Amino acid sequence: MPLEKLFDWGGEQLAMYCGEDLGDLIIITLNNAVEATLAIILLIKCELKLLQATIAGVVLLHLLLIPGTAFMVGGARVWEQTLHPTKAELNHTLLTIGILVLLVPAGFFAAIDRGMPVPNTDGTDPVLNDIVRDDFLKMGRGFAVILLFVYVCSRFYLHDPPGEGPFQPHLNGPEGLIKKERELLEAEPDINPWACIVLLLVCVGLMGVTAEFLVDSVEFVREEGHISEEQVSPPTLVWRDANAGLDGAVTLTYFAHSTLKQYFNLADAEQPTTIAEARAMELSIQFLLFWMPFLVLLGWWAGKPLSVLFDLFEVTVLVGSCFLVNYVTADNKTNWAEGTMMISLYLMIALSAWFYPGQPEVRILDACTSIADALVSSVGQAE
């Protein structure tokens, strides 16, 4: 059984003891634990370009592929599915600000990088130098503090919103949402809280070792597979991960199975739900608004120059994904056709990322050495 599934199950069991609001936060955090641990190990090993690619890949995976397959499978036998209206509207804003934080530094760098550079009086590059990198690092640390503040405010709003229970389903609300709330109130945990905590701690230890093995294997894959850093760095890193392939295969198989049962009117066909599964989007939001700024501040403390200046291609596909997801969920309803569109965009991004050579300027600014040494190393690799 994948460790991520154990985290999911353990989080759901622990959430029954903590209440719905805190329980949702626990489940989302545990679901992000695997990717967050991988990101921390990459930061410690100073694989900053791979770290940025991992962040972009995790967000794309949880924005497009996972919810897209969930919408496609869930909508196989119903006209449309419903999202929680208030949470969906808040998620639109949180997702947008998380993506715009990456767009601002990319636009800033594009504005100062105006083609053929004129060397400074000391012979250094006016764009690729330690002073410019320090400016982006200071900018990123300021952005990180602001993002953490925004995320904390959003959690307080969800936990204790103004008014009388605006997040509780009204009597005239969607029937599926009311039914789901009643089932949650009547559900009983399958395990006591202390055993659940022990299980999660064991999973954390195993997951840390697994993530360490994965990071150590990257260099081996580069050398034995003759794969350049540019081919490993784009958002295909998470797309090639086994979890993504396994989830996609399982959900597509279930989609075909559900569709055949519906078309042939089999007697044992289960009653389809009208509530869309969109928790993966909240995982993307947490990774953008909490884990990414946390990694930036952790890198500051550890002396690793991690900034929020991402590759322009990564920023472009993230902005496009945010636009599509917000457009699909704007009416708080989804269907299998919209899920198919989200999966299609993910596949187009993965295909184009495979051929993308990378942005060398950003790779140089992500180096853990001085910019001058990074430039010399870059020239040596090019030769």
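Here the Cβ of each residue, glycine as well, is placed from N, Cα and C on the backbone.
Predicted, not measured: the structure shown is a model, and the values here were computed from it.
If you check TrEMBL, you get these features:
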TRANSMEM  25-44  transmembrane segment
TRANSMEM  51-73  transmembrane segment
TRANSMEM  93-112  transmembrane segment
TRANSMEM  142-158  transmembrane segment
TRANSMEM  191-215  transmembrane segment
TRANSMEM  283-302  transmembrane segment
TRANSMEM  308-329  transmembrane segment
TRANSMEM  336-356  transmembrane segment
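By the count of Cβ pairs under 8 Å, the stretch nearest in packing to the transmembrane segment (93-112) among 51-73, 191-215, 308-329 is 308-329. In this chain, the transmembrane segment (308-329) does not touch the transmembrane segment (25-44); fewer than three CB pairs sit within less than 8 A of each other, excluding pairs fewer than 6 residues apart. Contact counts against the transmembrane segment (283-302), taken as Cβ pairs under 8 Å, peak for 51-73 among the stretches 51-73, 191-215, 308-329, 336-356. Tertiary neighbourhood of the transmembrane segment (191-215): same-chain residues 3, 6-7, 10-11, 13-14, 17, 30, 33-34, 37-38, 41-42, 45, 47, selected by CB-CB distance under 8 Å and a gap of 6+ residues from either end.
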